[in-house]
């Protein structure tokens, strides 16, 4: 039975944050003084597995593991393997900064991860450091991308948050890199999520401005729109030769009318909309001994409270991206 909200949207996709911690500090994601929650506040893998089983039973078929950085959570492959065995699970994917993929890519594939999205905001070492902090480098992320390709975690999607005057000049280089390696490259508009996200909105570039830079790099005739289903996400895709690029325009062309997703935070809150403050506590009833039927009722009630649209243009989200799972 499909999970349908009051606006007749089928909710089929859950983003699951397994950790608020991250080994990088990207300037649009978290401010330097921001501290992560204590691990004791996170759901255990046993608790998480029970909740994910309820979501699968209710009609969620696609799961994406996120963070923070999900690969800093020990024994993640064990969680994946258990999730992969659940009836109704169609796909498990992963969002990562790529730094730890050379170590874990093969095990993740064997456990049941189908594909990965990897963040790469700059190919230039100094630009990378300016955006992402002192940990990691473009070469280390590239190594993660190659490890994902070798392990068969495909298609590999590379996400670039585009900021005017910061990294927008690298768009042509990113397109070339994606074409050389057969990657799907996605450009993402900045969003006012958390203090860090609000601070970078002065560098906001719309998807139209981003696409214009792509056209300048490859020629207008070379950028061919792709129609038809391209997965459960909100990106609009274009073909450039044998590669693909996409744009995610949460600000300039929101996709709320077709939103199919919710988010489960590491501390057990169900976030109904990335741009709203609505959230439902699942950890407390879980730890107080709620039955499966009681958990199902809480989730079903939450789905009907999912808002019609985000309020990014009216107010910013106070929660940091690391606390929301992206």
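A Cβ is built for glycine as well, from the same backbone N, Cα and C atoms used for every other residue.
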Q: Among 95, 119, 122, find me the residue Swiss-Prot lists at the same GTP site as 15, 64, 157, 261, 262, 263.
A: 95
**Q.** Identity of the [4Fe-4S] cluster 2-site residue among 236, 273 (reference: 256, 259, source: Swiss-Prot)
**A.** 273
Q: Could you round the CA separation between residue 26 ([4Fe-4S] cluster 1 binding site) and residue 68 (S-adenosyl-L-methionine binding site) to a whole angstrom and send it over?
A: 11
Q. Rounded to the nearest angstrom, how far is the Cα of residue 64 (GTP binding site) from the Cα of residue 191 (S-adenosyl-L-methionine binding site)?
A. 20
Q) Which of the binding-site residues 15, 64, 95, 259, 262 has its Cα closest in space to the Cα of residue 28 (S-adenosyl-L-methionine binding site)? A) 95
Q. Whose Cβ, among the binding-site residues 95, 119, has more other Cβ atoms within 10 Å than any of the rest?
A. 119
